[in-house]
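Look at TrEMBL and you will find 1-22 tagged as region 'Disordered'. Residues or ranges marked as domain 'Alpha-D-phosphohexomutase alpha/beta/alpha' in TrEMBL: 52-88, 118-170. Residues annotated as active site, phosphoserine intermediate in TrEMBL: Ser65. As annotated by TrEMBL, Mg(2+) binding site applies to Ser65, Asp270, Asp272, Asp274. The annotation domain 'Phosphoacetylglucosamine mutase AMG1' is assigned in TrEMBL to 181-277, 291-429. Under the heading substrate binding site, TrEMBL lists Glu364, Ala365, Asn366, Arg492, Pro493, Ser494, Gly495, Thr496, Arg501. What TrEMBL lists as domain 'Alpha-D-phosphohexomutase C-terminal' is 449-519.
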Amino acid sequence: MAEFGEVSQKSTQHPKPKGLTLQYGTAGFRTTAKHLDHVMFRMGLLAALRSKKTKSTIGVMVTASHNPEDNGVKLIDPMGEMVTPAWEGYATQLANAEQEALCTVLKNIMETDAISMSETANVFVGRDTRPSSESLTKAVIDGVSCLGGHSQDYGLVTTPQLHYMVRCRNTHDCYGTATLQGYYEKLSKAFIELTKNGCCMLLVDGANGIGALKLREMEAFLKYELQVALFNDGSSGKLNHLCGADYVKVHQRAPEGMHMGPGERCCSFDGDADRIIYYYNDTAGRFRLLDGDKIATLISMSLKELLTQAGLNIQVAVVQTAYANGSATRYLKDVMKVTVCCTKTGVKHLHHAAQDFDIGVYFEANGHGTVLFSKEAEKQIRQLVKHSNANDEKKRAAKLLASTIDLINQATGDAISDMLVIEALLAIRGMSIQGWDTLYTDLPNRQLRVKVADRQVIDTTDAERHVVMPAGLQDAIDTLVKKYKQARAFVRPSGTEDIVRVYAEADTQEGADGLAYEVSLAVYHLAGGTGEEPKPLK
(Lines of atoms letter the chains of each structure in order from A; the text may use other names.)
(Lines give C-alpha, C1' and ligand atoms only; values in the text may rest on other atoms or scores of the structure.)
Protein backbone atom coordinates (compact mmCIF):
# COMPACT_ATOMS: atom_id res chain seq x y z
CA MET A 1 0.00 0.00 0.00
CA ALA A 2 1.40 3.35 -1.08
CA GLU A 3 0.02 5.09 2.05
CA PHE A 4 2.05 2.80 4.28
CA GLY A 5 5.24 3.77 2.48
CA GLU A 6 4.63 7.35 3.58
CA VAL A 7 3.80 6.16 7.11
CA SER A 8 7.14 4.29 7.35
CA GLN A 9 9.02 7.29 6.06
CA LYS A 10 7.23 9.94 8.16
CA SER A 11 7.24 7.88 11.37
CA THR A 12 11.05 8.10 11.50
CA GLN A 13 10.57 11.87 12.05
CA HIS A 14 8.41 11.01 15.10
CA PRO A 15 10.46 8.22 16.73
CA LYS A 16 9.19 6.24 19.71
CA PRO A 17 11.49 6.28 22.77
CA LYS A 18 12.72 2.75 23.45
CA GLY A 19 10.91 0.89 26.22
CA LEU A 20 8.18 3.49 26.72
CA THR A 21 4.70 1.99 27.17
CA LEU A 22 1.52 4.00 27.67
CA GLN A 23 -2.13 3.14 28.30
CA TYR A 24 -5.11 4.96 26.74
CA GLY A 25 -7.41 5.69 29.69
CA THR A 26 -10.53 7.78 30.40
CA ALA A 27 -8.52 10.94 29.79
CA GLY A 28 -6.74 9.54 26.72
CA PHE A 29 -2.92 9.45 26.86
CA ARG A 30 -1.21 11.65 29.41
CA THR A 31 2.49 11.89 30.27
CA THR A 32 5.52 14.20 30.11
CA ALA A 33 5.21 16.32 26.96
CA LYS A 34 8.67 15.37 25.65
CA HIS A 35 7.58 11.70 25.40
CA LEU A 36 4.48 12.38 23.31
CA ASP A 37 5.57 13.33 19.78
CA HIS A 38 5.35 9.76 18.39
CA VAL A 39 1.99 9.25 20.17
CA MET A 40 0.55 12.38 18.54
CA PHE A 41 1.65 11.30 15.08
CA ARG A 42 0.10 7.86 15.62
CA MET A 43 -3.15 9.29 16.99
CA GLY A 44 -3.35 11.31 13.77
CA LEU A 45 -3.09 8.00 11.88
CA LEU A 46 -5.74 6.40 14.11
CA ALA A 47 -8.12 9.37 13.82
CA ALA A 48 -7.90 9.12 10.02
CA LEU A 49 -8.75 5.40 10.20
CA ARG A 50 -11.62 6.05 12.64
CA SER A 51 -13.00 8.70 10.27
CA LYS A 52 -12.84 6.29 7.32
CA LYS A 53 -14.53 3.59 9.43
CA THR A 54 -17.39 5.80 10.69
CA LYS A 55 -17.64 7.93 7.50
CA SER A 56 -17.70 10.90 9.91
CA THR A 57 -15.49 13.69 11.22
CA ILE A 58 -13.38 12.68 14.25
CA GLY A 59 -11.78 15.02 16.82
CA VAL A 60 -8.27 14.98 18.27
CA MET A 61 -7.70 17.21 21.31
CA VAL A 62 -4.17 17.98 22.51
CA THR A 63 -4.54 18.65 26.24
CA ALA A 64 -3.90 17.39 29.77
CA SER A 65 -5.92 18.83 32.58
CA HIS A 66 -3.33 18.96 35.35
CA ASN A 67 0.48 19.41 35.41
CA PRO A 68 1.86 22.14 33.11
CA GLU A 69 4.87 19.93 32.18
CA ASP A 70 2.59 17.12 31.03
CA ASN A 71 0.50 16.96 27.92
CA GLY A 72 -1.92 14.48 26.48
CA VAL A 73 -4.26 13.58 23.65
CA LYS A 74 -7.79 12.25 23.40
CA LEU A 75 -9.92 11.16 20.46
CA ILE A 76 -13.51 12.32 20.00
CA ASP A 77 -16.15 10.15 18.32
CA PRO A 78 -18.81 11.42 15.84
CA MET A 79 -21.44 12.64 18.33
CA GLY A 80 -18.83 14.36 20.49
CA GLU A 81 -18.56 11.40 22.86
CA MET A 82 -15.45 9.50 23.96
CA VAL A 83 -14.01 6.95 21.56
CA THR A 84 -15.29 3.36 21.97
CA PRO A 85 -13.42 0.86 24.24
CA ALA A 86 -12.29 -1.24 21.24
CA TRP A 87 -10.62 1.81 19.71
CA GLU A 88 -9.06 2.73 23.06
CA GLY A 89 -7.37 -0.67 22.73
CA TYR A 90 -6.22 0.16 19.19
CA ALA A 91 -4.82 3.48 20.48
CA THR A 92 -2.76 1.63 23.12
CA GLN A 93 -1.48 -0.92 20.58
CA LEU A 94 -0.52 1.79 18.09
CA ALA A 95 1.22 4.02 20.66
CA ASN A 96 3.30 1.11 22.00
CA ALA A 97 4.25 -0.51 18.66
CA GLU A 98 7.96 -0.42 17.94
CA GLN A 99 8.91 1.47 14.78
CA GLU A 100 9.30 -1.61 12.56
CA ALA A 101 5.89 -3.05 13.66
CA LEU A 102 3.87 0.16 13.16
CA CYS A 103 2.59 -0.64 9.65
CA THR A 104 1.65 -4.20 10.70
CA VAL A 105 -0.46 -2.86 13.60
CA LEU A 106 -2.16 -0.38 11.23
CA LYS A 107 -2.87 -3.15 8.72
CA ASN A 108 -4.35 -5.39 11.48
CA ILE A 109 -6.70 -2.60 12.62
CA MET A 110 -7.85 -2.05 9.05
CA GLU A 111 -8.46 -5.76 8.46
CA THR A 112 -10.22 -6.31 11.82
CA ASP A 113 -12.59 -3.38 11.21
CA ALA A 114 -12.87 -3.80 7.41
CA ILE A 115 -11.72 -0.23 6.75
CA SER A 116 -11.52 0.92 3.15
CA MET A 117 -8.67 3.29 2.32
CA SER A 118 -10.75 4.77 -0.50
CA GLU A 119 -13.02 6.45 2.09
CA THR A 120 -12.27 10.10 2.83
CA ALA A 121 -11.03 11.09 6.29
CA ASN A 122 -11.83 14.34 8.09
CA VAL A 123 -10.30 15.25 11.44
CA PHE A 124 -10.83 18.32 13.65
CA VAL A 125 -7.80 19.19 15.79
CA GLY A 126 -7.67 21.51 18.83
CA ARG A 127 -5.16 22.36 21.55
CA ASP A 128 -4.82 24.07 24.93
CA THR A 129 -2.42 26.79 26.07
CA ARG A 130 0.51 24.57 27.16
CA PRO A 131 3.81 25.56 25.51
CA SER A 132 4.22 22.04 24.07
CA SER A 133 0.76 21.88 22.47
CA GLU A 134 1.56 23.67 19.21
CA SER A 135 4.37 21.33 18.07
CA LEU A 136 2.44 18.26 19.24
CA THR A 137 -0.57 19.40 17.16
CA LYS A 138 1.67 19.48 14.08
CA ALA A 139 2.58 15.83 14.72
CA VAL A 140 -1.16 14.92 14.80
CA ILE A 141 -1.74 16.70 11.49
CA ASP A 142 1.29 14.89 10.01
CA GLY A 143 -0.31 11.57 10.93
CA VAL A 144 -3.71 12.48 9.44
CA SER A 145 -2.18 13.60 6.13
CA CYS A 146 -0.05 10.42 5.91
CA LEU A 147 -3.27 8.43 5.32
CA GLY A 148 -4.70 10.99 2.91
CA GLY A 149 -6.90 12.65 5.51
CA HIS A 150 -7.99 16.31 5.74
CA SER A 151 -7.39 18.23 8.99
CA GLN A 152 -9.10 21.35 10.26
CA ASP A 153 -6.96 22.99 12.94
CA TYR A 154 -9.09 24.99 15.38
CA GLY A 155 -6.02 26.23 17.24
CA LEU A 156 -6.70 27.19 20.86
CA VAL A 157 -10.03 25.78 22.11
CA THR A 158 -11.34 24.20 25.31
CA THR A 159 -11.77 20.42 25.20
CA PRO A 160 -15.61 20.71 25.33
CA GLN A 161 -15.57 23.22 22.47
CA LEU A 162 -13.85 20.68 20.20
CA HIS A 163 -16.38 17.99 21.26
CA TYR A 164 -19.10 20.49 20.32
CA MET A 165 -17.54 21.21 16.88
CA VAL A 166 -17.36 17.48 16.06
CA ARG A 167 -21.03 16.98 17.02
CA CYS A 168 -22.10 20.01 14.95
CA ARG A 169 -20.27 18.80 11.84
CA ASN A 170 -21.67 15.26 12.05
CA THR A 171 -25.25 16.47 12.55
CA HIS A 172 -24.78 18.67 9.44
CA ASP A 173 -25.06 21.81 11.60
CA CYS A 174 -28.44 20.74 13.10
CA TYR A 175 -26.82 20.88 16.55
CA GLY A 176 -25.11 24.20 15.82
CA THR A 177 -22.46 25.80 13.64
CA ALA A 178 -19.01 24.21 13.90
CA THR A 179 -17.15 27.45 14.66
CA LEU A 180 -16.17 29.26 17.86
CA GLN A 181 -18.49 32.11 16.92
CA GLY A 182 -21.30 29.58 16.39
CA TYR A 183 -20.66 28.15 19.88
CA TYR A 184 -20.64 31.59 21.52
CA GLU A 185 -23.75 32.75 19.66
CA LYS A 186 -25.82 29.63 20.41
CA LEU A 187 -24.99 29.60 24.13
CA SER A 188 -25.28 33.35 24.71
CA LYS A 189 -28.63 33.59 22.85
CA ALA A 190 -30.05 30.77 25.00
CA PHE A 191 -28.66 32.36 28.19
CA ILE A 192 -30.14 35.78 27.38
CA GLU A 193 -33.52 34.13 26.60
CA LEU A 194 -33.48 32.45 30.01
CA THR A 195 -32.36 35.38 32.15
CA LYS A 196 -34.33 38.15 30.33
CA ASN A 197 -32.43 41.25 31.48
CA GLY A 198 -31.72 39.92 34.97
CA CYS A 199 -28.02 40.77 35.36
CA CYS A 200 -25.95 38.30 37.41
CA MET A 201 -22.55 38.90 39.04
CA LEU A 202 -20.04 36.06 39.33
CA LEU A 203 -16.40 35.63 40.39
CA VAL A 204 -14.66 33.10 38.12
CA ASP A 205 -11.31 31.36 38.65
CA GLY A 206 -10.02 30.37 35.19
CA ALA A 207 -7.20 28.11 36.56
CA ASN A 208 -4.73 30.01 34.31
CA GLY A 209 -5.94 27.72 31.52
CA ILE A 210 -7.70 27.75 28.17
CA GLY A 211 -11.12 28.27 29.80
CA ALA A 212 -10.13 31.76 30.98
CA LEU A 213 -9.11 32.74 27.46
CA LYS A 214 -12.37 31.49 25.92
CA LEU A 215 -14.58 33.04 28.63
CA ARG A 216 -12.95 36.40 27.84
CA GLU A 217 -13.88 35.91 24.17
CA MET A 218 -17.44 35.01 25.11
CA GLU A 219 -18.05 38.04 27.33
CA ALA A 220 -18.85 40.27 24.34
CA PHE A 221 -21.63 37.86 23.25
CA LEU A 222 -23.23 37.83 26.71
CA LYS A 223 -23.80 41.63 26.57
CA TYR A 224 -24.52 42.77 30.13
CA GLU A 225 -26.55 39.73 31.21
CA LEU A 226 -23.63 38.27 33.14
CA GLN A 227 -20.97 40.37 34.82
CA VAL A 228 -17.84 38.25 35.25
CA ALA A 229 -14.88 39.12 37.46
CA LEU A 230 -12.20 36.79 36.06
CA PHE A 231 -9.25 35.68 38.21
CA ASN A 232 -6.27 33.50 37.24
CA ASP A 233 -6.81 34.37 33.59
CA GLY A 234 -3.45 33.02 32.40
CA SER A 235 -1.81 36.43 31.95
CA SER A 236 0.75 35.79 34.70
CA GLY A 237 0.18 32.67 36.86
CA LYS A 238 0.94 29.02 36.10
CA LEU A 239 -1.71 26.53 34.99
CA ASN A 240 -3.55 25.05 38.03
CA HIS A 241 -0.96 26.51 40.47
CA LEU A 242 -2.83 27.46 43.69
CA CYS A 243 -6.02 27.68 41.61
CA GLY A 244 -8.51 25.62 39.61
CA ALA A 245 -11.34 23.28 40.57
CA ASP A 246 -9.13 20.53 42.05
CA TYR A 247 -7.13 22.93 44.23
CA VAL A 248 -10.29 24.54 45.63
CA LYS A 249 -12.02 21.19 46.26
CA VAL A 250 -9.00 19.55 47.95
CA HIS A 251 -7.94 22.55 50.07
CA GLN A 252 -11.45 23.85 50.78
CA ARG A 253 -10.39 27.44 50.24
CA ALA A 254 -10.58 30.18 47.62
CA PRO A 255 -7.92 30.19 44.88
CA GLU A 256 -4.93 32.55 45.01
CA GLY A 257 -5.82 36.16 44.20
CA MET A 258 -9.59 35.87 44.65
CA HIS A 259 -11.10 37.93 47.48
CA MET A 260 -14.63 36.78 48.30
CA GLY A 261 -17.08 38.93 50.20
CA PRO A 262 -19.73 37.12 52.31
CA GLY A 263 -22.31 35.44 50.07
CA GLU A 264 -20.53 36.31 46.80
CA ARG A 265 -21.03 33.60 44.22
CA CYS A 266 -17.76 32.10 42.94
CA CYS A 267 -16.77 29.21 40.68
CA SER A 268 -13.57 27.52 39.46
CA PHE A 269 -12.86 25.78 36.15
CA ASP A 270 -10.25 23.06 35.81
CA GLY A 271 -7.30 23.42 33.40
CA ASP A 272 -9.08 22.33 30.21
CA ALA A 273 -12.51 23.72 31.23
CA ASP A 274 -14.52 20.50 31.34
CA ARG A 275 -15.20 20.70 35.11
CA ILE A 276 -16.68 23.34 37.40
CA ILE A 277 -17.35 23.74 41.12
CA TYR A 278 -19.08 26.59 43.01
CA TYR A 279 -18.32 28.04 46.45
CA TYR A 280 -18.82 31.06 48.73
CA ASN A 281 -18.07 32.35 52.22
CA ASP A 282 -21.05 32.37 54.58
CA THR A 283 -21.82 35.28 56.93
CA ALA A 284 -19.55 33.73 59.58
CA GLY A 285 -16.68 33.68 57.05
CA ARG A 286 -16.77 29.89 56.65
CA PHE A 287 -15.88 28.47 53.24
CA ARG A 288 -18.75 26.54 51.63
CA LEU A 289 -18.28 24.24 48.60
CA LEU A 290 -21.02 23.22 46.15
CA ASP A 291 -19.73 20.21 44.18
CA GLY A 292 -21.10 18.07 41.35
CA ASP A 293 -23.80 16.53 43.59
CA LYS A 294 -25.23 19.99 44.37
CA ILE A 295 -25.04 20.97 40.67
CA ALA A 296 -26.92 17.81 39.60
CA THR A 297 -29.56 18.51 42.28
CA LEU A 298 -30.15 22.12 41.17
CA ILE A 299 -30.41 21.16 37.49
CA SER A 300 -32.64 18.08 37.95
CA MET A 301 -35.08 19.77 40.36
CA SER A 302 -35.35 22.81 38.04
CA LEU A 303 -36.00 20.65 34.97
CA LYS A 304 -38.57 18.54 36.85
CA GLU A 305 -40.48 21.64 37.99
CA LEU A 306 -40.47 23.17 34.49
CA LEU A 307 -41.73 19.89 32.99
CA THR A 308 -44.58 19.83 35.54
CA GLN A 309 -45.46 23.45 34.68
CA ALA A 310 -45.39 22.57 30.98
CA GLY A 311 -47.69 19.58 31.59
CA LEU A 312 -45.20 17.20 29.98
CA ASN A 313 -44.88 13.59 31.13
CA ILE A 314 -41.11 13.30 30.69
CA GLN A 315 -38.88 11.40 33.12
CA VAL A 316 -35.84 13.10 34.68
CA ALA A 317 -33.15 10.81 36.12
CA VAL A 318 -29.89 11.57 37.93
CA VAL A 319 -26.96 9.23 37.32
CA GLN A 320 -24.49 9.03 40.21
CA THR A 321 -21.48 6.97 41.24
CA ALA A 322 -20.92 5.40 44.67
CA TYR A 323 -19.02 8.59 45.63
CA ALA A 324 -22.19 10.72 45.55
CA ASN A 325 -23.00 11.97 49.05
CA GLY A 326 -25.76 9.99 50.75
CA SER A 327 -27.63 13.21 51.61
CA ALA A 328 -27.80 14.13 47.90
CA THR A 329 -29.15 10.70 46.99
CA ARG A 330 -31.77 10.84 49.75
CA TYR A 331 -32.87 14.39 48.85
CA LEU A 332 -33.31 13.49 45.17
CA LYS A 333 -35.18 10.26 45.88
CA ASP A 334 -37.30 11.21 48.90
CA VAL A 335 -37.93 14.95 48.48
CA MET A 336 -37.68 15.60 44.74
CA LYS A 337 -38.99 12.12 43.77
CA VAL A 338 -36.41 11.97 41.00
CA THR A 339 -35.18 8.62 39.62
CA VAL A 340 -31.61 7.97 40.80
CA CYS A 341 -29.35 5.42 39.11
CA CYS A 342 -25.86 4.42 40.26
CA THR A 343 -23.08 3.37 37.90
CA LYS A 344 -19.35 2.61 37.97
CA THR A 345 -16.90 5.47 38.48
CA GLY A 346 -15.79 7.21 35.27
CA VAL A 347 -17.42 9.73 32.94
CA LYS A 348 -17.93 7.24 30.12
CA HIS A 349 -20.05 5.00 32.40
CA LEU A 350 -22.15 7.97 33.56
CA HIS A 351 -22.65 9.31 30.02
CA HIS A 352 -23.69 5.87 28.76
CA ALA A 353 -26.18 5.33 31.62
CA ALA A 354 -27.69 8.82 31.15
CA GLN A 355 -28.62 7.90 27.56
CA ASP A 356 -31.18 5.39 28.90
CA PHE A 357 -33.55 8.12 30.17
CA ASP A 358 -35.79 10.82 28.65
CA ILE A 359 -33.56 13.34 30.40
CA GLY A 360 -30.39 12.08 32.08
CA VAL A 361 -28.46 14.41 34.41
CA TYR A 362 -24.98 13.30 35.46
CA PHE A 363 -22.20 14.99 37.44
CA GLU A 364 -19.23 13.49 39.20
CA ALA A 365 -18.47 15.04 42.60
CA ASN A 366 -15.46 16.78 40.98
CA GLY A 367 -17.84 18.88 38.85
CA HIS A 368 -17.61 17.06 35.52
CA GLY A 369 -21.00 16.45 33.96
CA THR A 370 -23.81 17.46 31.64
CA VAL A 371 -27.44 16.72 30.74
CA LEU A 372 -28.62 14.44 27.91
CA PHE A 373 -32.04 14.84 26.26
CA SER A 374 -33.55 11.98 24.24
CA LYS A 375 -34.75 12.89 20.73
CA GLU A 376 -38.34 12.24 21.82
CA ALA A 377 -38.08 14.49 24.91
CA GLU A 378 -36.58 17.32 22.86
CA LYS A 379 -39.26 16.90 20.17
CA GLN A 380 -42.11 17.12 22.72
CA ILE A 381 -40.63 20.27 24.30
CA ARG A 382 -40.07 22.05 20.97
CA GLN A 383 -43.54 21.09 19.70
CA LEU A 384 -45.15 22.65 22.77
CA VAL A 385 -43.27 25.92 22.14
CA LYS A 386 -44.82 26.06 18.65
CA HIS A 387 -48.27 24.96 19.85
CA SER A 388 -50.57 27.98 19.64
CA ASN A 389 -53.27 26.47 21.91
CA ALA A 390 -51.00 25.94 24.90
CA ASN A 391 -51.79 28.25 27.83
CA ASP A 392 -49.35 30.95 28.88
CA GLU A 393 -47.82 29.08 31.82
CA LYS A 394 -47.27 25.90 29.80
CA LYS A 395 -45.79 27.83 26.89
CA ARG A 396 -43.47 29.86 29.15
CA ALA A 397 -42.20 26.67 30.82
CA ALA A 398 -41.68 24.97 27.42
CA LYS A 399 -39.72 28.00 26.13
CA LEU A 400 -37.48 27.92 29.22
CA LEU A 401 -36.91 24.18 28.70
CA ALA A 402 -36.07 24.69 25.00
CA SER A 403 -33.56 27.43 25.84
CA THR A 404 -32.02 25.20 28.53
CA ILE A 405 -31.53 22.45 25.90
CA ASP A 406 -29.74 25.00 23.68
CA LEU A 407 -27.55 26.17 26.57
CA ILE A 408 -26.34 22.69 27.53
CA ASN A 409 -23.39 21.06 25.72
CA GLN A 410 -24.74 17.51 25.43
CA ALA A 411 -21.49 16.24 23.89
CA THR A 412 -19.54 16.36 27.17
CA GLY A 413 -19.04 18.14 30.50
CA ASP A 414 -18.35 21.83 29.71
CA ALA A 415 -17.44 24.33 32.46
CA ILE A 416 -18.55 27.39 30.44
CA SER A 417 -21.89 25.85 29.43
CA ASP A 418 -22.52 24.40 32.93
CA MET A 419 -21.72 27.80 34.51
CA LEU A 420 -24.29 29.52 32.27
CA VAL A 421 -26.92 26.84 33.00
CA ILE A 422 -26.41 27.23 36.78
CA GLU A 423 -26.53 31.05 36.59
CA ALA A 424 -29.70 30.95 34.45
CA LEU A 425 -31.50 28.46 36.72
CA LEU A 426 -30.62 30.44 39.86
CA ALA A 427 -31.94 33.60 38.14
CA ILE A 428 -35.19 31.89 37.06
CA ARG A 429 -35.75 30.57 40.60
CA GLY A 430 -34.68 33.83 42.26
CA MET A 431 -32.36 31.68 44.38
CA SER A 432 -29.17 32.78 46.11
CA ILE A 433 -26.13 30.53 46.45
CA GLN A 434 -26.97 30.17 50.16
CA GLY A 435 -30.49 28.99 49.27
CA TRP A 436 -29.04 26.48 46.84
CA ASP A 437 -26.49 25.26 49.41
CA THR A 438 -29.14 24.65 52.09
CA LEU A 439 -31.28 22.29 49.94
CA TYR A 440 -29.55 19.52 51.90
CA THR A 441 -26.52 19.15 54.18
CA ASP A 442 -23.75 16.80 53.09
CA LEU A 443 -22.95 13.91 55.39
CA PRO A 444 -19.35 14.08 56.68
CA ASN A 445 -17.14 11.70 54.71
CA ARG A 446 -13.55 10.51 54.44
CA GLN A 447 -11.56 8.97 51.59
CA LEU A 448 -8.41 6.91 52.26
CA ARG A 449 -6.01 4.77 50.22
CA VAL A 450 -4.53 1.39 51.14
CA LYS A 451 -1.46 0.02 49.33
CA VAL A 452 -1.83 -3.62 48.33
CA ALA A 453 0.43 -6.17 46.60
CA ASP A 454 -2.09 -6.64 43.75
CA ARG A 455 -5.19 -4.50 43.23
CA GLN A 456 -6.78 -7.28 41.13
CA VAL A 457 -7.57 -9.31 44.26
CA ILE A 458 -10.46 -6.86 44.79
CA ASP A 459 -13.54 -7.55 42.67
CA THR A 460 -16.72 -5.49 43.04
CA THR A 461 -20.33 -5.53 41.85
CA ASP A 462 -23.43 -3.29 42.17
CA ALA A 463 -21.70 -0.23 40.65
CA GLU A 464 -18.63 -0.82 42.87
CA ARG A 465 -20.68 -0.61 46.10
CA HIS A 466 -20.29 -4.28 47.04
CA VAL A 467 -17.13 -6.43 47.27
CA VAL A 468 -17.30 -9.94 45.81
CA MET A 469 -13.63 -10.87 46.41
CA PRO A 470 -11.68 -11.42 48.61
CA ALA A 471 -14.03 -13.54 50.69
CA GLY A 472 -15.03 -12.03 54.03
CA LEU A 473 -14.22 -8.41 53.20
CA GLN A 474 -17.81 -7.34 52.47
CA ASP A 475 -19.03 -9.05 55.66
CA ALA A 476 -16.36 -7.16 57.62
CA ILE A 477 -17.44 -3.83 56.03
CA ASP A 478 -21.14 -4.54 56.78
CA THR A 479 -20.32 -5.27 60.44
CA LEU A 480 -18.27 -2.06 60.79
CA VAL A 481 -20.95 0.13 59.15
CA LYS A 482 -23.52 -1.03 61.74
CA LYS A 483 -21.42 0.56 64.52
CA TYR A 484 -22.05 4.10 63.16
CA LYS A 485 -25.13 6.25 62.50
CA GLN A 486 -26.30 7.11 58.94
CA ALA A 487 -23.20 5.28 57.78
CA ARG A 488 -22.08 3.55 54.61
CA ALA A 489 -18.71 2.52 53.22
CA PHE A 490 -17.32 0.92 50.10
CA VAL A 491 -13.92 0.01 48.65
CA ARG A 492 -12.77 -0.18 45.03
CA PRO A 493 -9.43 -0.87 43.32
CA SER A 494 -7.60 1.97 41.58
CA GLY A 495 -7.66 1.75 37.79
CA THR A 496 -3.95 2.50 37.45
CA GLU A 497 -1.96 1.51 40.56
CA ASP A 498 -1.88 -1.14 43.31
CA ILE A 499 -4.06 0.86 45.66
CA VAL A 500 -7.51 0.26 47.11
CA ARG A 501 -9.65 3.37 47.58
CA VAL A 502 -11.80 3.52 50.71
CA TYR A 503 -14.87 5.76 51.10
CA ALA A 504 -16.84 6.16 54.33
CA GLU A 505 -19.58 8.51 55.52
CA ALA A 506 -21.42 8.88 58.81
CA ASP A 507 -23.44 11.43 60.80
CA THR A 508 -20.29 13.08 62.24
CA GLN A 509 -16.78 13.70 60.90
CA GLU A 510 -15.39 11.70 63.82
CA GLY A 511 -17.64 8.79 62.83
CA ALA A 512 -16.67 9.01 59.14
CA ASP A 513 -12.96 9.08 60.09
CA GLY A 514 -13.34 6.12 62.47
CA LEU A 515 -15.23 4.04 59.93
CA ALA A 516 -12.76 4.85 57.13
CA TYR A 517 -9.85 3.79 59.36
CA GLU A 518 -11.51 0.52 60.42
CA VAL A 519 -12.44 -0.37 56.81
CA SER A 520 -8.84 0.43 55.72
CA LEU A 521 -7.58 -1.96 58.36
CA ALA A 522 -9.94 -4.69 57.08
CA VAL A 523 -8.69 -4.13 53.52
CA TYR A 524 -5.06 -4.25 54.71
CA HIS A 525 -5.56 -7.61 56.46
CA LEU A 526 -7.93 -9.29 53.99
CA ALA A 527 -6.69 -7.96 50.63
CA GLY A 528 -2.90 -8.23 50.97
CA GLY A 529 -1.92 -4.80 52.28
CA THR A 530 1.75 -3.77 51.97
CA GLY A 531 3.89 -1.31 53.91
CA GLU A 532 2.74 0.17 57.21
CA GLU A 533 -0.58 -0.83 58.70
CA PRO A 534 -3.18 1.99 58.49
CA LYS A 535 -3.20 4.26 61.56
CA PRO A 536 -6.22 5.95 63.17
CA LEU A 537 -6.86 9.49 61.92
CA LYS A 538 -5.91 12.12 64.48
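The backbone N, Cα and C atoms fix where each Cβ goes, glycine too.
All annotation found in TrEMBL is predicted automatically rather than curated by experts.
Ranked by the number of CB pairs under 8 Å to the domain 'Phosphoacetylglucosamine mutase AMG1' (291-429), the listed stretches 118-170, 181-277, 449-519 are led by 181-277. Cα of Pro493 (substrate binding site) to Cα of Asp272 (Mg(2+) binding site): a distance of 27 Å. Beyond its flanks by at least six residues, the region 'Disordered' (1-22) meets 29, 31, 35, 37-42, 45, 92, 95-99, 102-103, 106-107, 117, 139, 142-143, 146-148 of its own chain at Cβ-Cβ distances under 8 Å. Beyond its flanks by at least six residues, the domain 'Alpha-D-phosphohexomutase alpha/beta/alpha' (52-88) meets 24-33, 36, 39-40, 43-44, 46, 113, 115-117, 119-128, 130, 132-133, 136-137, 140, 144, 147, 159, 162-167, 169-171, 210, 238-241, 246, 270-272, 274-275, 347-348, 351, 410-412 of its own chain at Cβ-Cβ distances under 8 Å. The domain 'Phosphoacetylglucosamine mutase AMG1' (291-429) scores a mean pLDDT of 94 in the predicted structure.
A simple Cβ count within 10 Å picks out one of the binding-site residues Pro493, Gly495 as the most packed, and that one is Pro493. Its Cβ placed at the centre, Asp272 (Mg(2+) binding site) has 28 other Cβ atoms within 10 Å. Distance noted between the C-alpha atoms of Asp270 (Mg(2+) binding site) and Gly495 (substrate binding site) is 22 Å. Around the Cβ of Asp274 (Mg(2+) binding site), 31 further Cβ atoms fall within 10 Å across all displayed protein chains. Within 10 Å of the C-beta atom of Asn366 (substrate binding site) sit 18 other C-beta atoms, taking all shown protein chains into account. Secondary structure counts, DSSP: the domain 'Phosphoacetylglucosamine mutase AMG1' (181-277) has 35 helix, 19 strand, 43 coil. Counting other CB atoms no more than 10 Å from each candidate's CB, the binding-site residues Asp270, Glu364 peak at Asp270. Rounded to a whole value, the Cα-Cα separation of Arg501 (substrate binding site) and Asp274 (Mg(2+) binding site) is 24 Å.
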